[in-house]
(Lines of atoms letter the chains of each structure in order from A and count residues from 1; the text may use other names and numbers.)
(Lines give C-alpha, C1' and ligand atoms only; values in the text may rest on other atoms or scores of the structure.)
Protein backbone atom coordinates (compact mmCIF):
# COMPACT_ATOMS: atom_id res chain seq x y z
CA UNK A 1 0.00 0.00 0.00
CA UNK A 2 1.40 3.48 -0.81
CA UNK A 3 3.17 5.44 1.84
CA UNK A 4 0.64 8.26 1.76
CA UNK A 5 -2.43 5.96 2.12
CA UNK A 6 -4.99 6.49 4.84
CA UNK A 7 -4.32 3.14 6.54
CA UNK A 8 -0.61 3.77 6.96
CA UNK A 9 -1.29 7.24 8.34
CA UNK A 10 -3.77 5.82 10.88
CA UNK A 11 -1.25 3.22 12.01
CA UNK A 12 1.44 5.86 12.36
CA UNK A 13 -0.79 8.04 14.50
CA UNK A 14 -1.81 5.13 16.76
CA UNK A 15 1.82 4.13 17.19
CA UNK A 16 2.84 7.62 18.23
CA UNK A 17 -0.10 8.20 20.54
CA UNK A 18 -0.13 4.67 21.97
CA UNK A 19 -3.85 4.46 21.35
CA UNK A 20 -5.76 1.51 19.90
CA UNK A 21 -8.99 3.41 19.62
CA UNK A 22 -10.47 3.48 16.20
CA UNK A 23 -11.36 7.12 16.71
CA UNK A 24 -8.60 9.30 15.41
CA UNK A 25 -8.41 12.91 16.58
CA UNK A 26 -9.03 15.56 13.93
CA UNK A 27 -5.74 17.22 14.89
CA UNK A 28 -3.98 14.35 13.11
CA UNK A 29 -5.56 15.44 9.85
CA UNK A 30 -7.62 12.22 9.42
CA UNK A 31 -11.20 12.69 8.20
CA UNK A 32 -13.90 10.31 7.08
CA UNK A 33 -13.02 8.66 3.81
CA UNK A 34 -15.71 10.35 1.76
CA UNK A 35 -14.68 13.83 2.91
CA UNK A 36 -11.02 12.99 2.35
CA UNK A 37 -11.68 11.83 -1.21
CA UNK A 38 -13.66 14.98 -1.89
CA UNK A 39 -10.78 17.12 -0.57
CA UNK A 40 -8.29 15.16 -2.66
CA UNK A 41 -10.29 15.76 -5.82
CA UNK A 42 -10.58 19.48 -5.00
CA UNK A 43 -6.87 19.84 -4.25
CA UNK A 44 -5.86 17.98 -7.39
CA UNK A 45 -8.14 20.21 -9.48
CA UNK A 46 -6.67 23.33 -7.86
CA UNK A 47 -3.11 22.16 -8.54
CA UNK A 48 -3.92 21.26 -12.14
CA UNK A 49 -5.58 24.62 -12.77
CA UNK A 50 -2.58 26.44 -11.34
CA UNK A 51 -0.20 24.34 -13.41
CA UNK A 52 -2.15 24.99 -16.60
CA UNK A 53 -2.24 28.73 -15.91
CA UNK A 54 1.52 28.79 -15.33
CA UNK A 55 2.09 26.79 -18.48
CA UNK A 56 0.03 29.15 -20.61
CA UNK A 57 1.78 32.20 -19.13
CA UNK A 58 5.23 30.75 -19.75
CA UNK A 59 4.37 29.79 -23.32
CA UNK A 60 3.07 33.31 -24.06
CA UNK A 61 6.39 34.75 -22.97
CA UNK A 62 8.30 32.40 -25.20
CA UNK A 63 10.43 31.11 -22.34
CA UNK A 64 10.55 27.81 -20.49
CA UNK A 65 8.76 27.50 -17.17
CA UNK A 66 10.67 28.82 -14.18
CA UNK A 67 11.97 26.07 -11.90
CA UNK A 68 11.79 26.24 -8.11
CA UNK A 69 15.06 27.20 -6.51
CA UNK A 70 16.67 25.77 -3.40
CA UNK A 71 15.47 28.83 -1.53
CA UNK A 72 11.87 28.02 -2.50
CA UNK A 73 12.28 24.40 -1.46
CA UNK A 74 13.80 25.33 1.88
CA UNK A 75 10.98 27.76 2.59
CA UNK A 76 8.27 25.29 1.64
CA UNK A 77 9.88 22.34 3.45
CA UNK A 78 11.03 24.01 6.65
CA UNK A 79 8.84 27.01 7.38
CA UNK A 80 5.52 25.47 6.17
CA UNK A 81 5.81 21.66 6.86
CA UNK A 82 2.22 21.22 7.97
CA UNK A 83 0.86 22.55 4.70
CA UNK A 84 2.93 20.21 2.52
CA UNK A 85 2.24 17.23 4.73
CA UNK A 86 -1.50 17.62 4.60
CA UNK A 87 -1.45 18.45 0.92
CA UNK A 88 0.45 15.25 0.20
CA UNK A 89 -2.01 13.22 2.19
CA UNK A 90 -4.95 14.82 0.47
CA UNK A 91 -6.33 16.30 3.66
CA UNK A 92 -7.34 19.84 4.54
CA UNK A 93 -4.78 22.62 4.97
CA UNK A 94 -3.95 24.53 8.09
CA UNK A 95 -6.72 26.80 9.26
CA UNK A 96 -6.64 30.15 7.44
CA UNK A 97 -3.99 29.02 4.95
CA UNK A 98 -5.98 27.34 2.20
CA UNK A 99 -7.98 30.53 1.56
CA UNK A 100 -4.86 32.59 0.82
CA UNK A 101 -2.85 32.77 -2.39
CA UNK A 102 0.33 31.78 -0.52
CA UNK A 103 -1.15 28.35 0.27
CA UNK A 104 -2.10 27.83 -3.35
CA UNK A 105 1.44 28.78 -4.37
CA UNK A 106 2.89 26.17 -2.01
CA UNK A 107 0.52 23.53 -3.39
CA UNK A 108 1.56 24.34 -6.94
CA UNK A 109 5.23 24.12 -5.98
CA UNK A 110 4.59 20.68 -4.51
CA UNK A 111 2.88 19.57 -7.69
CA UNK A 112 5.79 20.80 -9.81
CA UNK A 113 8.26 18.97 -7.62
CA UNK A 114 6.24 15.78 -7.98
CA UNK A 115 6.05 16.18 -11.76
CA UNK A 116 9.86 16.46 -11.94
CA UNK A 117 10.45 13.48 -9.67
CA UNK A 118 11.39 15.49 -6.58
CA UNK A 119 9.41 13.43 -4.05
CA UNK A 120 8.80 15.01 -0.66
CA UNK A 121 8.85 12.45 2.12
CA UNK A 122 6.12 12.11 4.70
CA UNK A 123 8.21 14.13 7.12
CA UNK A 124 8.22 16.99 4.51
CA UNK A 125 12.00 17.48 4.72
CA UNK A 126 14.17 17.52 1.56
CA UNK A 127 17.04 15.09 1.38
CA UNK A 128 20.59 16.19 0.60
CA UNK A 129 20.28 14.82 -2.94
CA UNK A 130 17.10 16.79 -3.56
CA UNK A 131 18.75 19.99 -2.32
CA UNK A 132 21.75 19.39 -4.58
CA UNK A 133 19.42 18.96 -7.53
CA UNK A 134 17.58 22.16 -6.60
CA UNK A 135 20.85 24.09 -6.28
CA UNK A 136 21.99 22.80 -9.65
CA UNK A 137 18.70 23.91 -11.22
CA UNK A 138 18.98 27.32 -9.55
CA UNK A 139 22.44 27.73 -11.02
CA UNK A 140 21.14 26.77 -14.45
CA UNK A 141 18.33 29.30 -14.08
CA UNK A 142 20.80 32.08 -13.21
CA UNK A 143 22.92 31.11 -16.21
CA UNK A 144 19.83 31.31 -18.40
CA UNK A 145 19.01 34.77 -17.03
CA UNK A 146 22.55 35.93 -17.75
CA UNK A 147 22.23 34.49 -21.23
CA UNK A 148 18.98 36.37 -21.79
CA UNK A 149 20.56 39.60 -20.50
CA UNK A 150 23.60 39.17 -22.75
CA UNK A 151 21.36 38.50 -25.74
CA UNK A 152 19.21 41.58 -25.03
CA UNK A 153 22.32 43.73 -24.66
CA UNK A 154 23.62 42.48 -28.00
CA UNK A 155 20.29 43.32 -29.64
CA UNK A 156 20.30 46.81 -28.10
CA UNK A 157 23.90 47.44 -29.19
CA UNK A 158 23.06 46.27 -32.69
CA UNK A 159 20.08 48.65 -32.80
CA UNK A 160 22.23 51.58 -31.69
CA UNK A 161 24.84 50.74 -34.32
CA UNK A 162 22.18 50.71 -37.02
CA UNK A 163 20.91 54.12 -35.84
CA UNK A 164 24.42 55.57 -35.99
CA UNK A 165 24.97 54.13 -39.46
CA UNK A 166 21.63 55.47 -40.71
CA UNK A 167 22.36 58.92 -39.27
CA UNK A 168 25.80 58.94 -40.88
CA UNK A 169 24.34 57.89 -44.23
CA UNK A 170 21.66 60.60 -43.97
CA UNK A 171 24.31 63.25 -43.24
CA UNK A 172 26.38 62.11 -46.18
CA UNK A 173 23.37 62.11 -48.48
CA UNK A 174 22.29 65.62 -47.49
CA UNK A 175 25.70 67.23 -47.05
CA UNK A 176 26.85 69.87 -49.50
CA UNK A 177 29.55 68.98 -51.99
CA UNK A 178 30.83 72.56 -52.21
CA UNK A 179 34.57 72.72 -51.80
CA UNK A 180 35.67 74.30 -48.54
CA UNK A 181 32.19 74.21 -46.97
CA UNK A 182 31.85 73.48 -43.28
CA UNK A 183 29.33 70.86 -42.21
CA UNK A 184 27.17 71.21 -39.10
CA UNK A 185 26.78 67.57 -38.06
CA UNK A 186 23.52 66.11 -36.82
CA UNK A 187 24.95 64.35 -33.77
CA UNK A 188 25.07 64.53 -29.99
CA UNK A 189 28.46 66.25 -30.23
CA UNK A 190 26.76 69.31 -31.70
CA UNK A 191 26.33 71.01 -28.34
CA UNK A 192 26.10 74.47 -29.88
CA UNK A 193 22.91 73.73 -31.78
CA UNK A 194 21.29 71.68 -29.02
CA UNK A 195 21.86 74.52 -26.54
CA UNK A 196 20.39 77.00 -29.02
CA UNK A 197 17.29 74.84 -29.50
CA UNK A 198 16.86 74.60 -25.73
CA UNK A 199 17.29 78.35 -25.18
CA UNK A 200 14.93 79.13 -28.07
CA UNK A 201 11.99 77.76 -26.10
CA UNK A 202 13.11 78.99 -22.70
CA UNK A 203 10.86 82.06 -22.65
CA UNK A 204 8.58 81.80 -19.64
CA UNK A 205 5.01 82.56 -20.68
CA UNK A 206 4.16 83.79 -17.19
CA UNK A 207 7.18 86.07 -17.04
CA UNK A 208 6.69 87.53 -20.50
CA UNK A 209 2.96 88.03 -19.87
CA UNK A 210 3.60 89.97 -16.66
CA UNK A 211 6.17 92.21 -18.33
CA UNK A 212 4.03 92.74 -21.42
CA UNK A 213 1.20 93.78 -19.10
CA UNK A 214 3.54 96.29 -17.42
CA UNK A 215 4.55 97.70 -20.81
CA UNK A 216 0.95 98.01 -21.96
CA UNK A 217 -0.71 99.35 -18.81
CA UNK A 218 2.11 101.43 -17.34
CA UNK A 219 4.59 102.51 -20.01
CA UNK A 220 2.13 103.03 -22.85
CA UNK A 221 -0.96 104.27 -20.99
CA UNK A 222 0.47 106.05 -17.95
CA UNK A 223 3.75 107.43 -19.33
CA UNK A 224 3.82 107.82 -23.11
CA UNK A 225 0.15 108.61 -23.62
CA UNK A 226 0.21 111.24 -20.85
CA UNK A 227 3.18 113.20 -22.21
CA UNK A 228 0.82 115.50 -24.12
CA UNK A 229 -0.25 117.00 -20.77
CA UNK A 230 3.24 118.47 -20.55
CA UNK A 231 3.58 119.37 -24.25
CA UNK A 232 0.38 119.21 -26.29
CA UNK A 233 2.32 118.84 -29.54
CA UNK A 234 3.37 115.34 -28.56
CA UNK A 235 0.40 113.06 -29.04
CA UNK A 236 1.16 109.52 -30.16
CA UNK A 237 -0.20 106.41 -31.78
CA UNK A 238 1.43 103.24 -30.41
CA UNK A 239 2.78 100.98 -33.16
CA UNK A 240 3.35 97.40 -32.04
CA UNK A 241 6.45 96.55 -34.03
CA UNK A 242 9.68 94.80 -33.12
CA UNK A 243 10.86 91.27 -32.31
CA UNK A 244 8.27 90.64 -29.57
CA UNK A 245 5.31 91.50 -31.80
CA UNK A 246 6.89 89.68 -34.76
CA UNK A 247 7.25 86.61 -32.50
CA UNK A 248 11.00 86.55 -33.04
CA UNK A 249 11.97 87.22 -29.44
CA UNK A 250 14.57 84.86 -27.93
CA UNK A 251 16.29 84.66 -24.57
CA UNK A 252 15.01 86.51 -21.53
CA UNK A 253 11.93 88.71 -21.73
CA UNK A 254 13.81 91.70 -20.32
CA UNK A 255 13.83 93.98 -23.40
CA UNK A 256 10.97 95.52 -25.35
CA UNK A 257 10.83 97.92 -28.29
CA UNK A 258 7.98 100.39 -28.70
CA UNK A 259 7.44 102.58 -31.76
CA UNK A 260 5.43 105.74 -31.07
CA UNK A 261 4.16 107.67 -34.07
CA UNK A 262 4.00 111.42 -33.58
CA UNK A 263 0.43 112.30 -34.48
CA UNK A 264 0.16 116.08 -34.13
CA UNK A 265 -2.42 117.99 -36.12
CA UNK A 266 -1.39 118.65 -39.74
CA UNK A 267 2.03 117.13 -39.05
CA UNK A 268 2.23 115.44 -42.46
CA UNK A 269 1.68 118.83 -44.07
CA UNK A 270 4.04 120.76 -41.82
CA UNK A 271 6.97 118.42 -42.45
CA UNK A 272 7.46 117.02 -45.94
CA UNK A 273 9.96 114.15 -46.30
CA UNK A 274 12.63 114.59 -48.93
CA UNK A 275 14.19 111.18 -49.56
CA UNK A 276 17.82 110.99 -50.58
CA UNK A 277 18.45 109.44 -53.98
CA UNK A 278 21.23 107.17 -55.13
CA UNK A 279 23.68 109.58 -56.68
CA UNK A 280 27.41 109.37 -56.86
CA UNK A 281 28.01 112.27 -54.49
CA UNK A 282 25.23 111.27 -52.07
CA UNK A 283 25.28 107.47 -52.16
CA UNK A 284 26.10 107.43 -48.45
CA UNK A 285 22.72 109.07 -47.76
CA UNK A 286 20.62 106.35 -49.41
CA UNK A 287 17.97 105.19 -46.94
CA UNK A 288 17.77 108.60 -45.24
CA UNK A 289 15.49 111.61 -45.64
CA UNK A 290 15.21 115.26 -44.66
CA UNK A 291 12.04 116.59 -43.04
CA UNK A 292 11.52 119.99 -44.61
CA UNK A 293 9.52 122.55 -42.66
CA UNK A 294 6.51 124.09 -44.45
CA UNK A 295 5.96 127.30 -42.50
CA UNK A 296 2.67 128.21 -44.15
CA UNK A 297 1.03 125.15 -42.58
CA UNK A 298 2.32 126.07 -39.12
CA UNK A 299 0.31 129.18 -38.42
CA UNK A 300 1.24 129.42 -34.72
CA UNK A 301 4.91 128.58 -35.29
CA UNK A 302 4.74 125.86 -32.66
CA UNK A 303 7.69 123.86 -34.04
CA UNK A 304 10.26 126.59 -34.49
CA UNK A 305 12.20 125.62 -31.34
CA UNK A 306 12.97 122.20 -32.89
CA UNK A 307 14.18 123.45 -36.27
CA UNK A 308 17.64 123.84 -37.72
CA UNK A 309 18.94 125.37 -40.91
CA UNK A 310 21.24 124.16 -43.63
CA UNK A 311 19.05 121.74 -45.55
CA UNK A 312 18.66 121.37 -49.31
CA UNK A 313 17.49 124.58 -50.92
CA UNK A 314 18.29 126.30 -47.61
CA UNK A 315 14.95 125.30 -46.11
CA UNK A 316 14.56 124.81 -42.35
CA UNK A 317 14.53 121.20 -41.23
CA UNK A 318 13.10 119.33 -38.28
CA UNK A 319 16.19 118.38 -36.30
CA UNK A 320 16.38 114.69 -35.26
CA UNK A 321 18.77 115.52 -32.41
CA UNK A 322 16.66 118.34 -30.95
CA UNK A 323 13.37 116.47 -31.05
CA UNK A 324 14.94 113.34 -29.54
CA UNK A 325 16.42 115.34 -26.66
CA UNK A 326 13.08 117.05 -26.07
CA UNK A 327 11.23 113.74 -26.11
CA UNK A 328 13.65 112.31 -23.55
CA UNK A 329 13.04 115.31 -21.28
CA UNK A 330 9.27 114.88 -21.54
CA UNK A 331 9.50 111.23 -20.51
CA UNK A 332 11.73 112.15 -17.58
CA UNK A 333 9.23 114.72 -16.33
CA UNK A 334 6.37 112.26 -16.60
CA UNK A 335 8.28 109.65 -14.58
CA UNK A 336 8.92 112.21 -11.84
CA UNK A 337 5.23 113.06 -11.74
CA UNK A 338 4.24 109.43 -11.21
CA UNK A 339 7.00 108.89 -8.68
CA UNK A 340 5.87 111.87 -6.59
CA UNK A 341 2.37 110.44 -6.23
CA UNK A 342 3.81 107.54 -4.25
CA UNK A 343 1.85 104.80 -6.01
CA UNK A 344 4.37 103.96 -8.68
CA UNK A 345 4.12 100.38 -10.04
CA UNK A 346 7.92 99.89 -9.92
CA UNK A 347 10.49 99.66 -7.19
CA UNK A 348 12.92 102.04 -8.87
CA UNK A 349 13.86 103.41 -12.28
CA UNK A 350 16.80 104.98 -14.05
CA UNK A 351 16.76 108.34 -15.73
CA UNK A 352 15.90 108.06 -19.45
CA UNK A 353 18.91 107.93 -21.76
CA UNK A 354 19.50 108.05 -25.51
CA UNK A 355 20.08 104.73 -27.23
CA UNK A 356 20.40 105.22 -30.99
CA UNK A 357 17.06 106.50 -32.32
CA UNK A 358 15.34 105.48 -29.06
CA UNK A 359 14.92 106.76 -25.53
CA UNK A 360 15.80 103.97 -23.12
CA UNK A 361 13.72 103.43 -19.98
CA UNK A 362 14.98 101.06 -17.28
CA UNK A 363 12.78 99.81 -14.44
CA UNK A 364 13.37 97.60 -11.43
CA UNK A 365 10.07 95.84 -10.84
CA UNK A 366 8.58 94.62 -7.57
CA UNK A 367 10.03 91.11 -8.08
CA UNK A 368 13.56 92.56 -8.46
CA UNK A 369 13.56 91.88 -12.20
CA UNK A 370 15.00 94.51 -14.53
CA UNK A 371 13.10 95.63 -17.61
CA UNK A 372 14.61 97.73 -20.43
CA UNK A 373 12.29 99.48 -22.87
CA UNK A 374 13.43 101.30 -26.00
CA UNK A 375 10.88 103.91 -27.05
CA UNK A 376 11.44 104.87 -30.69
CA UNK A 377 9.90 108.12 -31.89
CA UNK A 378 8.82 108.04 -35.54
CA UNK A 379 6.99 110.18 -38.07
CA UNK A 380 4.88 108.66 -40.80
CA UNK A 381 5.41 109.29 -44.50
CA UNK A 382 2.45 108.72 -46.79
CA UNK A 383 4.84 108.05 -49.67
CA UNK A 384 6.97 105.01 -50.43
CA UNK A 385 10.66 105.95 -50.84
CA UNK A 386 11.53 106.31 -54.55
CA UNK A 387 14.80 104.48 -53.96
CA UNK A 388 12.75 101.36 -53.05
CA UNK A 389 10.29 101.52 -55.95
CA UNK A 390 11.93 98.57 -57.69
CA UNK A 391 11.34 96.23 -54.77
CA UNK A 392 9.41 93.22 -56.03
CA UNK A 393 9.08 94.67 -59.56
CA UNK A 394 12.30 94.30 -61.56
CA UNK A 395 13.02 90.91 -60.02
CA UNK A 396 9.71 89.35 -58.97
CA UNK A 397 10.10 87.46 -55.71
CA UNK A 398 8.95 83.96 -54.85
CA UNK A 399 7.78 85.55 -51.61
CA UNK A 400 5.96 87.85 -50.94
CA UNK A 401 3.42 87.87 -53.76
CA UNK A 402 2.79 90.83 -56.06
CA UNK A 403 -0.44 91.79 -54.29
CA UNK A 404 1.19 91.88 -50.88
CA UNK A 405 4.05 93.98 -52.26
CA UNK A 406 1.55 96.48 -53.67
CA UNK A 407 -0.37 96.72 -50.39
CA UNK A 408 2.82 97.36 -48.42
CA UNK A 409 3.90 100.15 -50.75
CA UNK A 410 0.53 101.89 -50.44
CA UNK A 411 0.94 102.18 -46.68
CA UNK A 412 4.13 104.22 -47.01
CA UNK A 413 6.92 104.12 -44.45
CA UNK A 414 8.29 105.94 -41.39
CA UNK A 415 11.36 107.98 -40.54
CA UNK A 416 13.15 107.73 -37.18
CA UNK A 417 15.65 110.17 -35.60
CA UNK A 418 18.78 108.11 -36.25
CA UNK A 419 21.31 110.47 -37.76
CA UNK A 420 23.73 109.71 -40.54
CA UNK A 421 27.38 110.00 -39.43
CA UNK A 422 28.07 112.20 -42.47
CA UNK A 423 24.98 114.37 -42.16
CA UNK A 424 23.29 114.72 -38.78
CA UNK A 425 20.26 116.51 -40.18
CA UNK A 426 18.92 113.34 -41.82
CA UNK A 427 16.30 110.92 -40.54
CA UNK A 428 16.66 107.22 -41.28
CA UNK A 429 13.93 105.48 -43.27
CA UNK A 430 12.19 102.71 -41.31
CA UNK A 431 10.35 99.74 -42.84
CA UNK A 432 9.27 98.26 -39.50
CA UNK A 433 5.58 98.01 -40.36
CA UNK A 434 6.40 96.42 -43.72
CA UNK A 435 8.59 93.86 -41.95
CA UNK A 436 5.82 93.14 -39.47
CA UNK A 437 3.37 92.53 -42.33
CA UNK A 438 5.80 90.06 -43.88
CA UNK A 439 6.65 88.19 -40.68
CA UNK A 440 3.25 88.06 -38.97
CA UNK A 441 1.47 85.31 -41.01
CA UNK A 442 1.48 81.91 -39.33
CA UNK A 443 2.29 80.27 -42.66
CA UNK A 444 5.98 81.08 -42.15
CA UNK A 445 6.18 80.05 -38.48
CA UNK A 446 8.35 77.02 -39.29
CA UNK A 447 10.94 79.19 -41.05
CA UNK A 448 10.83 81.66 -38.17
CA UNK A 449 11.74 78.84 -35.76
CA UNK A 450 14.90 78.19 -37.79
CA UNK A 451 15.72 81.89 -37.70
CA UNK A 452 15.22 82.06 -33.92
CA UNK A 453 17.75 79.26 -33.41
CA UNK A 454 20.30 81.19 -35.48
CA UNK A 455 19.49 84.28 -33.44
CA UNK A 456 20.19 82.39 -30.19
CA UNK A 457 23.57 81.28 -31.54
CA UNK A 458 24.29 84.88 -32.54
CA UNK A 459 23.45 86.14 -29.03
CA UNK A 460 25.88 83.63 -27.51
CA UNK A 461 28.73 84.96 -29.69
CA UNK A 462 27.61 88.56 -29.99
CA UNK A 463 30.86 90.07 -28.71
CA UNK A 464 32.95 88.14 -31.26
CA UNK A 465 30.61 89.04 -34.12
CA UNK A 466 30.62 92.82 -33.72
CA UNK A 467 29.57 94.98 -35.52
CA UNK A 468 26.92 92.52 -36.74
CA UNK A 469 23.46 93.07 -35.26
CA UNK A 470 20.09 91.34 -35.27
CA UNK A 471 18.90 93.54 -38.15
CA UNK A 472 21.58 92.00 -40.39
CA UNK A 473 20.26 88.54 -39.49
CA UNK A 474 16.68 89.60 -40.17
CA UNK A 475 17.66 91.04 -43.56
CA UNK A 476 19.40 87.82 -44.56
CA UNK A 477 16.40 85.81 -43.35
CA UNK A 478 14.07 87.88 -45.55
CA UNK A 479 16.32 87.34 -48.57
CA UNK A 480 16.52 83.58 -47.98
CA UNK A 481 12.78 83.43 -47.43
CA UNK A 482 12.18 85.28 -50.72
CA UNK A 483 14.02 82.50 -52.60
CA UNK A 484 11.14 80.22 -51.71
CA UNK A 485 13.09 76.95 -51.44
CA UNK A 486 15.82 77.54 -48.86
CA UNK A 487 14.31 74.91 -46.54
CA UNK A 488 13.33 72.46 -49.28
CA UNK A 489 14.61 68.92 -48.70
CA UNK A 490 16.72 70.06 -45.75
CA UNK A 491 16.58 68.97 -42.14
CA UNK A 492 16.59 71.54 -39.37
CA UNK A 493 20.34 71.09 -38.95
CA UNK A 494 20.93 71.65 -42.65
CA UNK A 495 18.73 74.74 -42.77
CA UNK A 496 20.66 76.36 -39.93
CA UNK A 497 23.96 75.31 -41.47
CA UNK A 498 22.92 76.86 -44.77
CA UNK A 499 21.89 80.10 -43.04
CA UNK A 500 25.24 80.47 -41.27
CA UNK A 501 27.17 79.60 -44.44
CA UNK A 502 25.27 82.28 -46.33
CA UNK A 503 26.05 84.81 -43.60
CA UNK A 504 29.71 83.82 -43.75
CA UNK A 505 29.75 84.33 -47.51
CA UNK A 506 28.04 87.74 -47.28
CA UNK A 507 30.56 88.95 -44.71
CA UNK A 508 33.48 87.63 -46.73
CA UNK A 509 32.21 89.50 -49.81
CA UNK A 510 31.25 92.59 -47.73
CA UNK A 511 27.87 92.63 -49.42
CA UNK A 512 24.41 92.41 -47.87
CA UNK A 513 21.80 94.40 -49.85
CA UNK A 514 18.95 96.05 -47.99
CA UNK A 515 15.83 93.93 -48.47
CA UNK A 516 13.61 96.81 -49.66
CA UNK A 517 16.15 99.21 -51.16
CA UNK A 518 18.25 96.48 -52.75
CA UNK A 519 21.77 97.03 -54.05
CA UNK A 520 21.39 100.77 -53.68
CA UNK A 521 22.13 100.24 -49.98
CA UNK A 522 24.79 97.73 -48.92
CA UNK A 523 24.60 97.05 -45.18
CA UNK A 524 28.14 95.60 -45.10
CA UNK A 525 29.87 98.36 -47.04
CA UNK A 526 31.55 99.81 -43.93
CA UNK A 527 33.08 96.55 -42.68
CA UNK A 528 36.85 96.74 -42.29
CA UNK A 529 39.20 93.91 -43.25
CA UNK A 530 39.99 93.24 -39.59
CA UNK A 531 36.29 92.99 -38.76
CA UNK A 532 35.72 90.62 -41.67
CA UNK A 533 38.55 88.39 -40.43
CA UNK A 534 37.20 88.27 -36.88
CA UNK A 535 33.62 87.58 -37.96
CA UNK A 536 34.50 84.86 -40.48
CA UNK A 537 36.77 83.15 -37.96
CA UNK A 538 33.99 83.09 -35.38
CA UNK A 539 31.41 81.81 -37.88
CA UNK A 540 33.73 79.01 -38.99
CA UNK A 541 34.17 77.95 -35.38
CA UNK A 542 30.41 77.96 -34.90
CA UNK A 543 29.90 75.77 -37.96
CA UNK A 544 32.67 73.38 -37.00
CA UNK A 545 31.28 73.40 -33.47
CA UNK A 546 34.64 73.09 -31.80
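Keep in mind that glycine also has a Cβ here, set from the backbone N, Cα and C atoms.
Listed features, source Swiss-Prot:
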BINDING   243, 255, 256, 257, 432, 433, 434, 435, 455, 470, 471, 472, 473, 474  ATP binding site
BINDING   255, 257, 374  Mg(2+) binding site
BINDING   374, 428, 429, 430, 431, 432, 433, 434, 435  GTP binding site
COMPBIAS  1-10  compositional bias 'Polar residues'
COMPBIAS  35-45  compositional bias 'Basic and acidic residues'
COMPBIAS  69-80  compositional bias 'Low complexity'
COMPBIAS  82-95  compositional bias 'Basic and acidic residues'
COMPBIAS  145-174  compositional bias 'Basic and acidic residues'
COMPBIAS  175-186  compositional bias 'Polar residues'
REGION    1-116  region 'Disordered'
REGION    134-186  region 'Disordered'
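Of the listed binding-site residues 256, 431, 471, the Cβ environment within 10 Å is emptiest of other Cβ atoms at 471. Neighbouring residues of the recorded Mg(2+) site, listed in sequence order and excluding 255, 257, 374, comprise 242, 256, 258, 358, 372, 373 (Cβ within 8 Å of the Cβ centroid). For the binding-site residues 255, 374, 435, the ranking by surrounding Cβ atoms (within 10 Å, all protein chains) places 435 first. Taking the C-alpha atom of residue 434 (ATP binding site) as reference, the shortest distance to any of the binding-site residues 255, 257, 374 belongs to 257.
When the binding-site residues 256, 431, 455 are screened for a C-alpha within 10 angstroms of the C-alpha of residue 374 (Mg(2+) binding site), the residues that qualify, in sequence order, are 256. Residue annotation for ATP gives 243, 255, 256, 257, 432, 433, 434, 435, 455, 470, 471, 472, 473, 474. The furthest Cα pair among them is separated by 22 Å. Taking the Cβ of residue 473 (ATP binding site) as reference, residues of its chain lying under 8 Å away and at least six apart in sequence are, in sequence order, 451, 454, 455, 458, 503.
Close to residue 243 (ATP binding site) in the fold, though at least 6 residues off in sequence, lie 249, 250, 257, 470, each with a CB less than 8 Å from its CB. Cβ neighbour density within 10 Å is lowest for 433 among the binding-site residues 433, 434. The maximal spread of the GTP binding site, taken as the longest Cα to Cα distance among 374, 428, 429, 430, 431, 432, 433, 434, 435, is 20 Å. The Cβ neighbour count for residue 429 (GTP binding site), using a 10 Å radius and every protein chain shown, is 26. Listed in sequence order, the residues of the same chain lying 6 or more apart from residue 432 (ATP binding site) and placing their CB within less than 8 Å of its CB are 239, 241, 242, 259, 378, 414. DSSP gives residue 256 (ATP binding site) a strand state.
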